[in-house]
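Below is one structure; the comments refer to it alone.
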Amino acid sequence: MAVNNGDHKHLRRLLGGEDDQAASPATAAAIVVNIDRHATVSSAILQGVTPDGDSALHAVAASGDGDRYLESAKVIYGKAGHLLGARNRGGSTPLHRAARAGNSQMLSLLIELARADGTSRVETILRTQNGVGETALHEAIRGDHASAVDVLMTADPCLARHHLVNAASPLFLAVSLCRYGMAQKLYERDNQLSYSGPGGQNVLHAAVLRNKDMVELLIGWNTQLTKQRDQYGSTPLHFALSVLERHPHGMLPIYAVPVMKGKDITTLLNIEEPPLELTRQLLEADALSAYEPDKKGSFPIHIAASSNRLSAIIILVTRYPGCASLRDADGRTFLHIAVKKKRFDIVWYVCQTPMFSSILNTQDNEGNSALHLAVEAGNLWTFACLFVNKHIDLNLLNNKQHTPREVSISSIPTGLYCFLNSRILIQEALMSANATCDICRRDDDVEEEHNPKLQAANEEKGSKVVSDSTQFLSFGIVLVITMAFGATFALPGGYKTDEGTPALARTKQFQGFLMANALAFLCSTVAIISLSFAGTPTVELLMRYTQYNLSIFLALNALGSLVVAFIIALYVMITPVAAITFIAVIVVIVSTTILYSATLVEKLSILLLVLCFRIGILPVLRSSISKLILFTCWPLIVIIVWQETCMATHVI
């Protein structure tokens, strides 16, 4: 308690026993006994340690910086000078504890006490490292205690050069903790200080991930920092280009945030962008670093592609065009990496830039081209960028003798999938472009047909998928039935009070409303019946698949018919009194539909666009797409034809 409170008087009494000596009889025997007792008590107190291994001098050094603490330290040192170099369980000396607490006056005192024993004692105490290889200077930097740093550097101007091998130097620690003012102060005190850090890194490796202004200073201090590699062969340029460049998600908000262990979350904000100037600074300081691979064979341009750093790639290929054809240890160009990592912007840039035509069909050590990897990854956007470029060869064989189309076939496991699944659309595009399969007999049976157990497992899996899907789909269809049924008895315009007939019965729009509502009710009812068959396990699986597809088709028709009925009802009721309001409502409905169905519409749009670019518009129109559009829009055609027929035949 006396040590922690800085009660040097009480501490002196405990260690010196002045009060006891004053009260003792003046006999020789008593004097001898009293001296031995006080020496024993003093030794026991000073040899005691806390659970952390701190001695009395450790405790007082960390407790405060006032006069009473300084006096207490003098008292303890006077009785046990060896405690100045004592270590606790973490290997820290009292000097470490004082520096960590920022007690600069205590540091000065401890240094002066050591100096009384000679200059060598001062250097030994100051350069003593704790269990993690750090001196008291590291502790002062970590605590952001500038005055403590001044005291330590004044006592030993070369202190910033000393640290455990393969550990962080004081300068590295300052930069990694964003203590840039302190880093400058260290350099001003000693321009020969250590730049090294853990894992073979130097301070520039840390600076490129912290502050671009600090990078400029460090390069000015020592240009050789740009050349040094860490234990994995990475230069500071590799580190700088590894910062992932993120892009906004788009128009829709994200409420369920996907999280992958070991990776940053998908950010909701896009405030900070990787500094482009940093890449320029490093390349200007060392142009050859653009051609330096790490131990995995990855060049800076590969790292930039992996991190989605399109702007950095543009700088690299503009200054050093040879970077574009560099390959890593797997024989991959930066285009392979961009495709594998699904970096759409980079793939689009490469496909639209003529200077990269030589790498579009480059094959890696496994024989895979960028298109092989795009098909394997199953990303429709990156595949579309490559597919639309006519310089891309669709029929290259990899080392397994697989073409991209064969890769697309083998990458889809047996099961039931939505037709908007990216892998399904990729295979559809390759088939439409007449991409070839492997050179082998096409009548070979698949493995499943030779393996009854595998076939049974796949059927069970498919049955479960259909059963689970019908439960959710049925809720939506029942809702459409309910709305269509209710609309039948809540007709637009109301009824004639004297006849009880609909007031707008003689208008063609009313006839269209009735037909649209009837189609919505009919299609949704039949869809429910189909879902009942699809969800019944006793029905043959192939028939369940057929009924499931039919129910989806009818559900979409029912929903479309209900929307048309709603629009007609709005037109009939609002147009006569507020035509502008009707137009505004339609604009809002259409905009909202496009906004929230973007993920559905965009995939079909991508497929049609890339096919038009690759094989032409006429072949696309001659394909089954026309039939698909006709089948999708048939309720609208029936409604319009019925309206006009009623008008022409004077039914109304």
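Any Cβ shown, glycine's included, is placed from N, Cα and C.
Here is what TrEMBL records for this protein:
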- 467-572: domain 'PGG' (DOMAIN)
- 90-112: repeat 'ANK' (REPEAT)
- 366-399: repeat 'ANK' (REPEAT)
- 472-491: transmembrane segment (TRANSMEM)
- 512-536: transmembrane segment (TRANSMEM)
- 548-572: transmembrane segment (TRANSMEM)
- 579-598: transmembrane segment (TRANSMEM)
- 604-621: transmembrane segment (TRANSMEM)
- 628-651: transmembrane segment (TRANSMEM)
Are there residues at least 6 beyond the ends of the transmembrane segment (548-572) whose Cβ is under 8 Å from a Cβ of it, and what are they?
416, 466, 469-470, 473, 476-477, 480-481, 483-484, 487, 492-493, 504, 507, 509-510, 512-513, 516-517, 519-524, 526-528, 530-531, 534, 582, 585-586, 589, 631-636, 639
Where else in the chain does the transmembrane segment (604-621) make close Cβ contacts, counting only residues six or more beyond its ends and a cut-off under 8 Å?
380-381, 384, 387-388, 390, 420, 425, 428-429, 432-433
Taking DSSP H, G, I as helix and E, B as strand, the repeat 'ANK' (90-112) contains 17 helix, 0 strand, 6 coil
